[in-house]
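K.L.:
The structure that follows is given in the form of structure tokens.
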Amino acid sequence: MAASSLTALSRLVHLTPSSPKSNPKPFLSFSFSATLPIFTSFFTLKLKSSSYSPILSSSSSSASLSSSSSSSSLNSSAPMSYDKQLAAAKKAASLAARLCQNVQKGLLQSDVQSKSDKSPVTVADYGSQVLVSFVLQKELPGQAFSLVAEEDSGDLRKEESQETLERITKLVNDTIANDGSYKVSPLSKGDILTIIDSGMSEGGSNGQHWVLDPIDGTKGFLRGDQYAIALGLLDEGKVVLGVLACPNLPLESITSQHQNTPNGAAGCLFSAQLSCGTYMESLDGSPPVKVHVSNTENPEEAAFFESYEAAHSSHSLSGSIAKKLGVKAAPVRIDSQAKYGALSRGDGAIYLRFPNKGYREKIWDHAAGYIVVAEAGGVATDAAGNPLDFSKGRYLDLDTGIIVTNRKLMPALLKAVQESLKEVALPSL
């Protein structure tokens, strides 16, 4: 990385460039003073989580306690507080959502490009990634920073992309200025490229790594439908917090007649921290309320979610599974990890995802949603019932697909999945 770019980014987010000799990799040459995690007692965590008014019945409370116990088993040590990181994540995702909302209102044809894999990418994808990286580093100074994110700056460095880069730069600077939280000089185009590439970490099982999908559900974003800014944090390979900003998800059930927020509504922000439950609030800052997955144990009453695009998940396989379970309701098809958020508050009871054979799931497509559901009392596994493993780098190694539901329905769902996989072949890439 050019020394000038490092100097610029250091000035903006108070980072210290590391010696080129100690780390020759581009865009990753930052060093930070490590901050020791703050350990709190389980009693303190219980007091903190109980500051919200409970909205669960006694049966739901029992399920929530069961979920907390299950989540706690992810870490053998005493619970650790990630309050500061969670507050920073909520701030980052909310600010990114503001940029995305502004772009979606007046999306230009020139705002959309195609990546090498032919998938669409917009100025909002890049702008969202810049804002999240920027805010996290501003809010958590002195902490080691590692970000596993979807986008890189490769295409934006091409001559034909300079107009797009100018637009991203203006969008980011305008959003920061309008927010008013950070007194910094405007970012340059070089700064933007450098911050985008701060997301090139490989993740893994050592240390802490932020995991970001700056716009999960870009096709939904382009249609004016559902999308999410999905941000999670790994600690030693385990997901310990997650935030889902869903600008078009209504505060009421997504399974109702209106699947998008009315004009002028704020959308939803879901947040979860290990052993502390899942909370939902509006993106304009309404008080958080604790949410819980559906308690239904009758498959016939279970609404289920699947991907909007048939290319993202096999609708025929999902249909076979639903038939075996006796599900009566039609599937709810929406884009992005908004499905995880909707399931965490009980809008539906099942989420099925079965991509084409050979497709490798990326950790940013599931990390935040995974803990949002788990802390709400749900469970997410692969098609064989194995827990999702986020410690292997940028990809999930799993068996065939992903299934998400409550603990009561999981045995019957797994049985139906195994039977259907023998009967319905998944197409290859």
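Glycine too: its Cβ is placed from the backbone N, Cα and C atoms.
Quantities reported herein were computed from a predicted structural model and do not represent experimental measurements.
TrEMBL feature annotations, pasted as is:
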- Glu150, Asp213, Ile215, Asp216, Asp365: Mg(2+) binding site (BINDING)
- 58-77: region 'Disordered' (REGION)
K.L.:
Hey, does DSSP put Ile215 (Mg(2+) binding site) in a helix, a strand, or just coil?
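P.N.:
Going by the DSSP assignment, Ile215 (Mg(2+) binding site) falls within a strand, counted as strand.
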K.L.:
Given the recorded Mg(2+) site (Glu150, Asp213, Ile215, Asp216, Asp365), which additional residues of the same chain have their Cβ within 8 Å of the Cβ centre, ordered by sequence?
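P.N.:
Filtered neighbour residues, in order: Leu212, Pro214, Gly217, Thr218, Ala228, Ala230, Ser336, Gln337, Lys362, Trp364.
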K.L.:
Would you identify which of the binding-site residues Glu150, Asp213, Asp216, Asp365 has the most other C-beta atoms lying within 10 angstroms of its C-beta?
P.N.:
Asp213
